[in-house]
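According to Swiss-Prot, the feature disulfide bond maps to 5-62, 6-23, 9-57, 11-21, 30-37, 34-49, 39-47.
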């Protein structure tokens, strides 16, 4: 749904050494959600949330 937002981030390791950071565990309502996810340059890469939203979910789904 367009109102979905992200509560977790996942690092996709299918194409090393490049890593795609995507949202996981999306819910229709989440009090503290991720609007964006980024991968760190650590080894192994870690996926973390950026641009946190409070209260309402983002109007567009996290990609």
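Just so you know, the numbers here start at 1 and follow the chain as drawn.
Placement of Cβ uses the backbone N, Cα and C atoms for every residue, glycine included.
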Distance, residue 23 (disulfide bond) to residue 47 (disulfide bond) (CA atoms, angstrom): 9
Neighbouring C-beta atoms (10 Å sphere around the C-beta of residue 49 (disulfide bond)): 20
Between residue 23 (disulfide bond) and residue 9 (disulfide bond), the C-alpha gap once rounded to whole angstrom: 5
Structural state of residue 37 (disulfide bond), classified by DSSP into three states: strand
Rounded inter-Cα distance in Å - residue 9 (disulfide bond), residue 39 (disulfide bond): 9
Residue 49 (disulfide bond) and residue 37 (disulfide bond), distance between Cα atoms, whole Å: 5
Where residue 9 (disulfide bond) falls in three-state DSSP terms: strand
Length of the line joining the Cα atoms of residue 49 (disulfide bond) and residue 39 (disulfide bond), in Å: 9
